[in-house]
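Colleague: Below are the features listed in Swiss-Prot for this protein:
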- Gly8, Met9, Pro10, Ala11, Ser12, Gly13, Lys14, Gly15: ATP binding site (BINDING)
Amino acid sequence: MKVIGIVGMPASGKGEASRIARDLGIPVVVMGDAIRERVKEAGLPPTDANFGAIAGKLRADLGMDAIARITIPRIEATGAPVALVDGIRGDYEVATFRDHFPDFTLIGIDSSFTTRYRRLKNRGRSDDSLTPEELRARDERELGWGLGRALEQADCRVTNEASLEEFAAEIRALLCRLGGREE
């Protein structure tokens, strides 16, 4: 099974890359879904603070790769020859995926703080940071989980600063090449 991982800072374009993968017929497993489920089970409101607290507790209790280990059966359950995993947050998760899936490729998505903040203001998800300070705090939390080190391990990098159309074309071409699909 070929597994393509996506890593990037909040609002860098991971969700858009996942949407494009789905459009190409590549199943997508979102690591954050495991966190969202646990927040809901705990009866907590779906806020960035609650998602961060639950994710931090899982990592503290079960290890820094806990969410990757929870996600592996979901990836395998797709039964597809190629799947994409969205939302890698740390180098321990990358190591776990590389160990478990010999054919694993990591795509890093880069986007500036200013661009990411503008996107957050426009997309309106419940876990989105609303102020620059909240985004900086979220960035620091995720960097503390090893997100920067995970980005450094990317097999390929895509910069997402231009138009949505340009980013989509670059991601589509990359996913087609990696997934053995025609563009």
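Glycine is treated like the rest: Cβ placed from N, Cα and C.
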Colleague: I want the residues beyond Gly8, Met9, Pro10, Ala11, Ser12, Gly13, Lys14, Gly15 whose C-beta is within 8 angstroms of the mean position of the ATP site's C-beta atoms, in chain order.
Modeller: Ile109, Ser111, Arg116, Arg119, Asn160
Colleague: Within 10 angstroms of the C-beta of Ser12 (ATP binding site), what count of other C-beta atoms is obtained when all protein chains are considered?
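Modeller: Neighbour count, Cβ to Cβ under the 10 Å cut-off: 23.
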Colleague: Just how many other Cβ atoms lie inside 10 Å of the Cβ on Lys14 (ATP binding site)?
Modeller: 23
